[in-house]
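Notes to accompany the following structure.
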Ligand code: CDP
């Protein structure tokens, strides 16, 4: 039997940092589903496709070869790990990710990658749609201001010029699109352990998640 761990939550709640550390700690495969939506968005922008042209966007999703290797993301063989984190992608990704056919294509891919493996997968619909049978489901959240502050620091450390207010607005808009869309909106999965990370350090969050897993498996993991 394989173990699946689902981590969902809004932007800046600390999902990917925690998921990466947890995967390393447990020796599991880390799967960043947001990176896949970002890669499709990058290709759509590169090809100058209008964000209203759903048909062509779906075509891009269908024809693109997206693969993950640990923390690296490849689009048609090209390493796009850095490029997909740029603000322009963050601003547009939620428009692409709300298209039902795009989700269908990527969800299928995500399930296939997880097949037969112990995985930690993070995203918006992992515990609800992608891996509803996951043995462990976590939902990470934090105040909007704290999430914006974290994302702002992250971008600043990478040398990207942004204003805090812009990041805050982008996250607010993305929250609303991700939570309000018709197909698999961001919601707390049934049975998920909810963690508010506003006043916690990354280490403290990892510790809580790890402890919850150990407690529920009687220390077997
Ligand atoms: O890292 P951050 O929280 O900023 O976002 P991400 O995980 O890279 O996801 C980027 C965007 O992809 C989200 O805002 C969603 O619109 C979409 N997404 C999704 O719809 N479903 C997922 N399972 C993962 C991401």
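Including glycine, each Cβ sits where the backbone N, Cα and C put it.
If you look up TrEMBL, you'll see 5-214 marked as domain 'Cytidylate kinase'.
The ATP binding site annotation in TrEMBL covers 9, 10, 11, 12, 13, 14, 15, 16, 17. Listed in sequence order, 140, 141, 142, 147, 197 are the same-chain residues six or more apart from residue 13 (ATP binding site) with CB atoms under 8 A from its CB.
Its own atom aside, the Cβ of residue 11 (ATP binding site) has 25 Cβ atoms within 10 angstroms in the protein chains shown.
With a CB cut-off of under 6 A applied against ligand 1, the binding-site residues 9, 11, 13, 17 are reduced to 11.
Cβ atoms within 8 Å of the centroid of the Cβ atoms of 9, 10, 11, 12, 13, 14, 15, 16, 17 (the ATP site) belong to the same-chain residues 18, 122, 140, 142, 147, 197, site residues excluded.
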